[in-house]
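What TrEMBL records for 40-134, 202-334 is domain 'Nucleoside transporter/FeoB GTPase Gate'. Residues or ranges marked as transmembrane segment in TrEMBL: 83-100, 112-135, 141-162, 200-219, 239-262, 309-329, 341-363. According to TrEMBL, the domain 'Ferrous iron transport protein B C-terminal' annotation covers 145-196.
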Amino acid sequence: PFAIAGLGPTLSAWLTNVGASPWSVSLVVDGIIAGFGAVSSFLPQLIILFLCLALLETTGYMSRISFFLDRIFKRFGLSGKSLIPFIVGSGCSVPGIMASRTVETEEERKMTVMLTPFVPCSAKLPIIALFAGYFFSTYAWLVTLSLYFMAIIVILLSALILKKFVYKGATSSYLSELPNYHAPSALYVFRDVFDKTWSFIKRAGTVIVLCSVAVWFLASFTWTFKYIDGVNFHIENSILAGIGNAFAWIFYPMLGGTWSWGATVSAIQGLIAKEQVVSSLEVIAGLEGGGASVFESGIFSFFTGWSAYAYMIFNLFSAPCFAAIGAMRKELGSTKGMLKAVFFQTGIAWLLATFVGVIGWLII
């Protein structure tokens, strides 16, 4: 990550010296390197997360937790086995959604599919790290903990809503053989952590880079395809700004009464890949110019602690990435069911984020 971060200025100077055009230099430095580097810088936190998950799985502790929580989950219309998809989903929503097949009854299984994306997955961790690290500094850990606690509350309350108005079928009994506790295999843990980390890197090297290049293009050219040179044309004249301004009203209240096309398009791109939220912010901030941090650029300097927290809430609880949406469609068995899940998740996220944003707006 540090090597990638330091590569930008060096490569920019070299490309300029060999006579590369300004737009091609910007494409490489502000598009590709900035996009991938922004997400890869959070790899250490992801490795720790994957390590903890691997230890839970290999010790046999996860199955026992599911058994003991079954009685509590029943009150919310869920099975104790729903815990396994939730925990797996903290690594990635796609396998978490697929793991819901272990839940016996159809109603509980579909509820588990719809609720698993509410668990903050590894792709959402960079969003938490970026905002919490900058705005809450010493208390970043407490803010992070509050978001995970909020995820639990959101899952349980959403389960009650679904149980009462959508899935009213009977619940099942928990039948499963509890494995004995055993020491984790160091080799298995290493392979599991390595595979998940490598999978994240490959995803970052494909989807994120492609999306970052797309963001760079839309932010670097006007609707008449004139290059944004910072003299004749500015980033506010870009295609991306036009798209963001069309939807900025949706995010206006949660951002404390600030009209931000940059924050809008970054959140929208989270529907493609949640990692892309941070990459998009980084690319836009880099093109606009500013300090060492995204929030020191003029375009994102409006963020306060309240609006940052609200923005995190929306991106953590809104509909997941395209891959997870596809997995939901497969497990729910219809496009209609998938669309209902997407609107339900995004609606919950918007209401929560707007509530927090408006409170901060009124206080400040």
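Start at 1 and count along the chain as shown; that gives each residue its number.
Placement of Cβ uses the backbone N, Cα and C atoms for every residue, glycine included.
Broken down by DSSP into helix, strand and coil, the domain 'Nucleoside transporter/FeoB GTPase Gate' (40-134) contains 77 helix, 0 strand, 18 coil.
Counting residues 6+ beyond its ends, the transmembrane segment (112-135) has Cβ neighbours under 8 Å at 38-39, 41-42, 45-46, 49-50, 78-79, 82, 85-87, 89-93, 96-97, 100, 103, 143-144, 147-148, 151, 154-155, 158-159, 162, 196, 200, 273-275, 277-278, 281, 293-295, 303-305, 308-309, 311-312, 315-317, 319-321, 324, 328, 331-332, 341, 344-345, 348 in the same chain.
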